[in-house]
C-alpha cells in the first residue's frame with residue numbers, strides 16, 4: 001500500500017508532457033504556471049499543474065452552473081463572474 005501511494009505521489013509530481021516544438025538541450029521556459037525543460041534529445045518536457053484559469057468576461061444567469069471543458073462553474077450573483085473547479089483537463 002505504501003509503495004502504491006509513493007508511486008502515485010511520484011507520478012503526480014513528475015508528470016511530464018512533451019511539446020511538439022524542438023529546443024536546445026538545457027533551455028527552460030514557463031508555460032502558464034508550468035515549467036518546461038528541454039531534454040537531452042531536444043524536446044520540451046513540461047509539468048502539468050492545474051493552472052488557475054485566466055480571468056475573462058462571462059455572461060451567465062446568477063446562481064446557475066455550467067461546464068468549461070471538464071470543469072464545473074457556478075455563476076456569480078452579478079451575472080458577470082464565475083467560480084470554477086480547477087481540474088487539469090485532458091487535451092484533445
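Each Cβ is built from the backbone N, Cα and C atoms, and glycine gets one as well.
Over in Swiss-Prot, the protein carries these features:
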| type | residues | note |
| --- | --- | --- |
| SIGNAL | 1-19 | signal peptide |
| DOMAIN | 20-54 | domain 'Pacifastin 1' |
| DISULFID | 23-38 | disulfide bond |
| DISULFID | 33-51 | disulfide bond |
| DISULFID | 36-46 | disulfide bond |
| DOMAIN | 57-92 | domain 'Pacifastin 2' |
| DISULFID | 60-75 | disulfide bond |
| DISULFID | 70-89 | disulfide bond |
| DISULFID | 73-84 | disulfide bond |
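Recorded features from Swiss-Prot, shown on the structure.
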| residue | record | DSSP (3 states) |
| --- | --- | --- |
| 23 | disulfide bond | coil |
| 33 | disulfide bond | coil |
| 38 | disulfide bond | strand |
| 51 | disulfide bond | coil |
| 60 | disulfide bond | coil |
| 73 | disulfide bond | strand |
| 84 | disulfide bond | strand |
| 89 | disulfide bond | coil |
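Predicted-model confidence for the domain 'Pacifastin 2' (57-92) is 90, expressed as mean pLDDT. Counted over every protein chain shown, other Cβ atoms within 10 Å are most numerous around 46 among the disulfide-bonded residues 46, 51. When the disulfide-bonded residues 36, 70, 84 are compared by Cα distance to residue 60 (disulfide bond), the shortest distance belongs to 84. With the fewest other Cβ atoms inside 10 Å of its Cβ, the least crowded of the disulfide-bonded residues 38, 60, 70, 73 in this structure is 70. When the Cα of residue 38 (disulfide bond) is compared against those of the disulfide-bonded residues 70, 75, 89, the shortest separation belongs to 89.
Packing against the domain 'Pacifastin 1' (20-54) from elsewhere in the chain are residues 68, 71, 84, 86-88: each is 6 or more residues past its ends and has a CB under 8 Å from a CB in it. A 10 Å radius around the C-alpha of residue 84 (disulfide bond) takes in these disulfide-bonded residues out of 23, 33, 36, 46, 75, in sequence order: 75. Note on proximity: of the disulfide-bonded residues 23, 36, 51, the one nearest residue 73 (disulfide bond) is 51, by Cα distance. Counting in whole angstrom, residue 36 (disulfide bond) lies 11 from residue 23 (disulfide bond) by their C-alpha atoms. Here the disulfide-bonded residues are 23, 33, 89, and the one with the most other Cβ atoms within 10 Å of its Cβ is 23. Calculated from their C-alpha atoms, the gap between residue 33 (disulfide bond) and residue 46 (disulfide bond) amounts to 10 Å. On the backbone, the CA of residue 46 (disulfide bond) and the CA of residue 75 (disulfide bond) stand 32 Å apart.
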